[in-house]
Amino acid sequence: MGFWSNLKDKLFGTKEERIAKKQAKIEAKEQRQLEKELIKKNKLNTYIAGLSKSNSSFNEHIKELQNKHNKIDEEFFEDLEEMLIMSDISIKLVQIIINECKKEVRNENITDPKLINEIIADKLFTIYTSNSVVDTTLNIKDNRLNVILVVGVNGSGKTTSISKIAKKLIDEGKKVLIAAGDTFRAAAVEQLEIWAKRVGADIVTPNENEVDPAAVVYRAIDIAKSKKYDILIVDTAGRLQNKVNLMNELAKINRVLASKIPDAPHESLLVLDATTGQNGVIQARVFKESTPLTGIILTKMDGTSKGGIVLTIKDEIGLFVKYIGLGEKVDDLAEFDLDSYIYGLTKGINE
């Protein structure tokens, strides 16, 4: 073996070692790709399972429609319109979907009702993404205390949603503190404490006789700053009976946050129960008037057969769903993915 061969072996290893290293790199890359594909598959399976009721209802109604009609005509579109409204899609959106379907049917000269399935799925997708970029990420940055304000009525799944988001952030290596700002319900504070302990988050609760949510938030900010937390998640009261009180409470919390942390809150998320349908849209309007909102957490999607509420919220409230509840387990609160949602909702209609 010559000098240069020896020198190369010293610097870069023997030929066999170089081949082994190269093979190891290839295997590591393949492993990473496999892990990515597995995560994607698991996410899709979560959507399919969580949307099974909506999917079953959607498929059933589409097939009923196709069995009833031999051709695509005005009567067919009237029945399709009724079906989409029954799926909790707003009347305004349904009219847009119907008009778009009519255009495509006319342009492609389609007469068989069985050929319209893919068109419907495509229109659901394009309407959701029209005039805006779908953004489901949380506004979280390094080297600052990130504040997430969470609002919603009692019983919407607010407590569990806060805990599940905390768990996701903790799993990402973030240090998370929860402020129990629903001071009007002792049971809500106790439940949040139990969940915080379960997911490994710290929590600030009201002191004895402390009924002002803003005071709890004030203390929580000081603790979060002094102990270098990455995330502060603020729970709030969910009383809609008195809109003026609700607006005043949220306004005061927002003032406290802004005075202590520039640009806070960085996220203001509204928790809505998907099973409430159009009532959820009414709730969203009230909360939007009470505090600036950045996104929606849509819970209990696994419990409804009307999956169209996602589209209605975006159209009528102008907010994207950032998280969607697809089951009771901690990992069943998923970051909203439009592709997986449309697939989970319409899976099987072309089979």
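Glycine is treated like the rest: Cβ placed from N, Cα and C.
Residues annotated as GTP binding site in Swiss-Prot: 152-159, 235-239, 299-302. The Cβ of THR236 (GTP binding site) has 25 other Cβ atoms within 10 Å, all protein chains considered.
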Lowest local Cβ density among GLY152, GLY155, which the record lists as binding-site residues, within 10 Å: GLY155
Candidates LYS158, ARG239: member of the binding-site residues with the richest Cβ shell (10 Å): LYS158
Same chain, 6+ residues apart, C-beta under 8 Å of the C-beta of MET301 (GTP binding site), given in sequence order: GLY50, LEU51, SER54, ALA274, GLY307, ILE324, GLY325, LEU326
Assigned element (helix, strand, coil) containing GLY155 (GTP binding site), judged by DSSP: coil
